[in-house]
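Annotated features in Swiss-Prot:
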BINDING   GLY335, PRO336, ASN337, THR338, GLY339, GLY340, LYS341, THR342  ATP binding site
DOMAIN    711-786  domain 'Smr'
Amino acid sequence: MLERTLRVLEYNKVKEQLLEHTASSLGRDKVKHLVPSTDFEEIVEMQDTTDEAAKVIRLKGSAPLGGITDIRSNVKRAKIGSMLSPNELLDIANTMYGSRNMKRFIEDMVDNGVELPILETHVAQIVSLYDLEKKITNCIGDGGEVVDSASDKLRGIRTQIRTAESRIREKLENMTRSSNAQKMLSDSIVTIRNERYVIPVKQEYRGVYGGIVHDQSASGQTLFIEPQVIVELNNALQEARVKEKQEIERILLMLTEEVAVEADIVLSNVEVVANLDFIFAKAFYAKRIKATKPIVNNERYMDLRQARHPLIDPEIIVPNNIMLGKDFTTIVITGPNTGGKTVTLKTVGICVLMAQSGLHIPVMDESEICVFKNIFADIGDEQSIEQSLSTFSSHMVNIVDILEKADFESLVLFDELGAGTDPQEGAALAISILDEVCNRGARVVATTHYPELKAYGYNREQVINASVEFDVNTLSPTYKLLIGVPGRSNAFEISKRLGLSDRVIDQARNHISTDTNKIENMIAKLEESQKNAERDWNEAEALRKQSEKLHRELQRQIIEFNEERDERLLKAQKEGEEKVEAAKKEAEGIIQELRQLRKAQLANVKDHELIEAKSRLEGAAPELVKKQKVNVKNTAPKQQLRAGDEVKVLTFGQKGQLLEKVSDTEWSVQIGILKMKVKESNMEYINTPKQTEKKAVATVKGRDYHVSLELDLRGERFENAMARVEKYLDDAQLASYPRVSIIHGKGTGALRQGVQDYLKKHRGVKTFRYGDMGEGGLGVTVVELK
């Protein structure tokens, strides 16, 4: 990729923003060396990797990359036998902990059902060195000091040091508190010089204490003397300190040797966490600029939906739809300067560079982008004072270089093509240059203010005109790209708005040819037609959304009605069964009582009287039971029943659908939300529903309207939404729905991606797709069930 192209498209500014999201110097080093790739497979993998990291951020908010530092030089020094300092060893331990923590973090997410195949592969390369990590942290404290517990010998030596220091201080403090101290000492303090304890003695009393003079004040009036009485104690203290230093060096060498043994593994782990830091920096940057993963194709076309420039404030930038490579291979954007043409040009270029670097791009979901082997850009005014080149010459030098290298795998961006020279000659050159590049099969976006190029798009196949809309009322560009509409200067309208008289403007119009006036009027009508078409589309879209809302409300009311009906049915059935049971118990009780009376010969009761008594009791049972007995006795299905048939269950007088035969005489029947076993003798065949042709919108078998044909997840949290999807698909399968719709909205695409990831692994899902224009488009996934 040409360095000039990266510069004029401000690729390095994107990298500067990306650097802000790295967690370590390792990640920053990766970003600094980032360049766009031209390998299709590598780009697809990089995009998928960034997408997985973005999924982690959506679910967890962050990634545990703290504590990781660039320890590569220290590890290499350990390999060649150099002793590492405590802080260097501590950095190694912290980095080992960070890599181990990152590995556990990703693996825990995978264990909980989150699909992260690429990140899982990355962390699988991390080898835990927990034992070495603990050895270092057990020997070195957080402040970088070797702790007493590093070895028993070190603990003993430091005990000796503390004891010696205590004895020395005690003796010296006794001296400073004596009655003569005020006279002979400059100050009643104990201090240290040359690592030995001393007291400040006035010059004239140097002989009183004896001992060794280690230092004197600037004036020479005070001597820092080590009194003779503590010389031996100070000597013992120094010997202990030498032993301490030797033991510390032994411990550090031991730890350094342990690092050297595992050096290759440590360096491998560092490379993995460096890549992870780099990957998550991309994901955090995508979140910052509200970017999404583009679909990468190898067919040399792009479809950028609502594309934005990443370096412009998203609150003020106007997003545009930019298509190139299918219906046309060249876009010529015409119109006046300061209209936003260059921003559109740079947006195309930087989006391609970002995508080929594995970065998500600031576009809507389902945007597509292709891979270019070369990207050429001639943008901006780059006069060369050293080479005495004018603006035109500078551009032409660059264009000559482009024409030497451009081919069918190239994207070429021309800004103000042919500018800086005679307009007529410049326009002719622009047309010739465009023809040359187009004939090579390159994809081209060019801007110009020459009116001669307005007809270019109409006279060439695979070329289309475009313009950036200009509001003559506010005298400012709207920055909205109008594909298919060439630009116009608006000079007369702007002049009139600024106060130029109609007489002068009319005279100016007379100087323009009739053909030019006709072209300008035609362009004005095209702009107006496009605005009207867009307004009509927006109105139609609003009506469609209103219709969808009414449809959902109707579905909700139907569900509530059926639920209430089924609830009442269940309640009535339960009450009926309770009454039947109560009547039966009462009858049995009376009969038992009569039998006992007869046995006791307390009453002359015959069997036929018992039967009559039971009949009278049964006559008191609810009408429901009597109806059931009559129906069971007098009816039998004459039609051979099959699963899917619609029947009437005589017990309840309700229609149901046969699910499966559970025995020779019983079927499992679905009645509303109820599923129950019913005998064949207690049902009446109605019909066999015809197999209707499957439509784009899901239909329902039988009459089960209790499960909605669509599930609305908009506004739901990610975890709640996934739980609702799982339950909804189970309910839809029980209701034998062939097809349902899941509304997730467009938004950032997180919910959509989560839904579709879940659908891929659901055993009950046959296929799924996005909704058509009338079904909700990208905001809806239509699911076909098995």
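Heads up, residue numbers simply count up from 1 along the chain you see.
From the backbone N, Cα and C atoms, a Cβ is placed for every residue, glycine too.
Overlay of Swiss-Prot feature records on the structure.
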residue	record	Cβ within 10 Å
GLY335	ATP binding site	26
GLY340	ATP binding site	25
LYS341	ATP binding site	27
THR342	ATP binding site	18
When pLDDT is averaged across the domain 'Smr' (711-786), the result is 84
Residue counts for the domain 'Smr' (711-786) under DSSP, helix then strand then coil, are 35 helix, 19 strand, 22 coil
